[in-house]
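To start, the structure itself, in structure tokens.
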Amino acid sequence: MSADKNAAPVARREAEGRPVLEVRPVLQVRDVSLGFGGVRALTEVSFEVNKGELFSIIGPNGAGKTSMLNCISGRYHPTSGRVLLNGRDVTDLTPNVRATLGLGRTFQNLALFGHMSVLDNIMVGRHHLLRNNAVTGALYWGSGARREELAHRRKVEDIIDFLEIAHIRKAVAGTLPYGLRKRVELARAMAVEPSIILLDEPMAGMNLEEKEDMARYIVDLNEEWGMTVVMIEHDMGVVMDISQRVMVLEFGRKIAEGLPDEVMANERVKVAYLGIDDDEEAAGESAA
Amino acid sequence: MISSSLIPCGQFKTSYAADTTLFLTPASRNWCLFGIAVALAAPLVLSNYLLALLIQIGYYGIAALGLNILVGSTGQISLGHAAFFGFGAFASAWLNNSFGVPVLAAIPLAGVLTTLLGLLFGIPAGRLKGLYLAIATFASQFILEDFFSRANWFTGGSSGAQANPINVFGYEIGGDKGFFYVVLFFVLVMYLLGANLLRTRDGRAFVAVRDHYLSAEVMGINLTKYRILSFGISSFYAGVGGALYGHYLGFVSAEGFTILLSIQFLGMIIIGGMGSVMGTLMGTAFMVLLPEGTEAAVSTIKHFTGDIPALTSALAYIKEAAIGLAIVLFLIFEPDGLVHRWRLIKSYWKLYPFSY
Ligand SMILES: Nc1ncnc2c1ncn2[C@@H]1O[C@H](COP(=O)(O)OP(=O)(O)O)[C@@H](O)[C@H]1O
Ligand SMILES: [Mg+2]
């Protein structure tokens, strides 16, 4: 997954006026519904995310955004509907199998391995790419395990450099401040070398400077590494700035999808989302 | 794991290979080599009584490391470790007696058989957690104890099984001195394998499952597989430790493998440090030496007070309670175990007199 400048993402190709060679959905969500007892968390939501896209999901709290990611990553099983990854139906597969098929994600509430070092956390991301096992790993020398571990360690160091966390690579993950933990989580998800990465509120709880850094990492990840990204985020400024397409959920239903400007102009979105989450902006809009 | 934050300043690694060595600092490697050298010389100076204690620390320490991988690293619980220890002891004697497998080969083979048994009994672990898993392993303790008392072909039933001494090229390794070197060899090999395991793919997967199983799964780790595998590996260590125990005593009977020993194994890893390889050995040494220490203390007190019946029985209780008390005190005051204390002391001396 080294930064491959040749495999430029769709957006850049479009911006540069070059032909878009390959627009194929990495992720297809078809009529997904999810219920918890009486609560309908999702109702017949469909969308597709293309290769190289940076796609955002927004919506008020409780709209079902996290539930959507959980259906994609396999933690929740949709009551109905299908999820396709790279054209393959993964609806009935477990989360670990989906990871091996190219799905990476971070969590809204931090989910690092608290007692492990940052380095080991990220190395866990490479689990499905490593071939050594309990026997060859225990033998270590001469079994190929050492060579393999070192080779992957090098890949991990690329990610560490990219996210500028070299100074904490030996720190115990659970002792790090919040903003850094979020970054380590991103590093761990990148280490999976997924074909799509799902980020659940990667900037929540961060100060302005940390947010700017994180936004930059996500944009670089998308543009330079060519990573397809699905992001849930509350900060509308960031979402409108960096997303190529946006989907809006409300009470588990999709109420809008499109380019950031289109979505912002949508009346339902103004009422549903901006009216609740951002009173000032909504007031300004209605005065205009 | 805790150690990472305690590396003294001024330790810089210049290559990934140098950064993945077993020891965090050259000093800790030197300490380890020093320890091995001392151990090699031990039979020349120590009495047979002290050697017997070291041998005990050795075979219990091997089994305890398995339990630490299961409980400390993977975050599961087992109340049946002693039964697997016992199975290893019987299996090695059986392989040797019934099939003529040389003892030195029977010991690791017994480990393999115990692994298979552990994988089988570990299957519930794929589904159960916490208290429910504890009860399931409790059940495996009693199922195996029952098996030991019924399977005459395997265990010799109530009369027990004969376990032959180790024979190398027709030369019998008898006595504590010879056996000490055998145990030392197995301790070194098993600890090295364990340390390597924990710094490679599957070892990391165990710790990931322990720390956050939901995100472990999202990282591609098959939870069921690793929960069961951890039981298998833990049983391998129990089996090898038990086999050494059997051939050392020369005789294996089921009475030695009760739930009490299972609890003592748990005590070893709690006292030594959960998830720590070296801590396991420290905790085992503590548990083996504690009764000796209290025995000595009690007889000293008796020496001064004379034989007062009330006091004698009180002291007997204290002796019995010492192990339980030690576990409780460690849980309260040193939950990270002896290994944590040891690291603090080391970093203190390293930085002395500038203890920042
Ligand atoms: N595990 C669960 N059990 C019961 N209800 C849930 C569960 N997860 C989510 N929900 C419900 O589903 C709805 C959507 O939640 P969520 O997806 O977390 O929203 P968002 O991430 O958009 O804030 C909420 O009403 C929430 O209470
Ligand atoms: Mg959410």
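Just so you know, glycine gets a Cβ as well, placed from its N, Cα and C.
Small disclaimer: the values here were computed from a predicted structure and weren't measured.
Record features, source TrEMBL:
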{"type": "TRANSMEM", "residues": "B:33-55", "note": "transmembrane segment"}
{"type": "TRANSMEM", "residues": "B:67-95", "note": "transmembrane segment"}
{"type": "TRANSMEM", "residues": "B:101-123", "note": "transmembrane segment"}
{"type": "TRANSMEM", "residues": "B:130-148", "note": "transmembrane segment"}
{"type": "TRANSMEM", "residues": "B:178-198", "note": "transmembrane segment"}
{"type": "TRANSMEM", "residues": "B:228-245", "note": "transmembrane segment"}
{"type": "TRANSMEM", "residues": "B:265-290", "note": "transmembrane segment"}
{"type": "TRANSMEM", "residues": "B:311-333", "note": "transmembrane segment"}
Cβ contacts under 8 Å made by the transmembrane segment (B:130-148) with residues that lie 6+ beyond its boundaries: 76-80, 82-84, 86-87, 90, 121, 124, 154-155, 254, 257-259, 262
Residue numbers, six or more beyond the limits of the transmembrane segment (B:33-55), whose CB comes under 8 Å of its CB atoms: 175-177, 179-181, 183-184, 188, 248, 288-289, 292
Long-range neighbours of the transmembrane segment (B:101-123), counting only residues six or more past its ends (CB under 8 A): 80, 84, 87-89, 91-93, 95, 137, 140, 164-168, 182, 186, 227-240, 242-244, 247
The transmembrane segment (B:265-290) versus listed stretches B:67-95, B:228-245, B:311-333: most Cβ pairs under 8 Å: B:67-95
Sequence-remote partners of the transmembrane segment (B:311-333) [C-beta within less than 8 Å, at least six residues beyond its ends]: 264, 266-267, 270-271, 286-287, 290-291, 294-295, 298, 301-302, 305
Folded-back contacts onto the transmembrane segment (B:228-245), same chain, C-beta under 8 angstroms, at least six residues removed: 58-67, 69-70, 73-74, 76, 78, 81, 84-92, 106-108, 110-119, 121-123, 125-126, 182-183, 186, 190, 194, 197, 202, 206, 209, 256-257
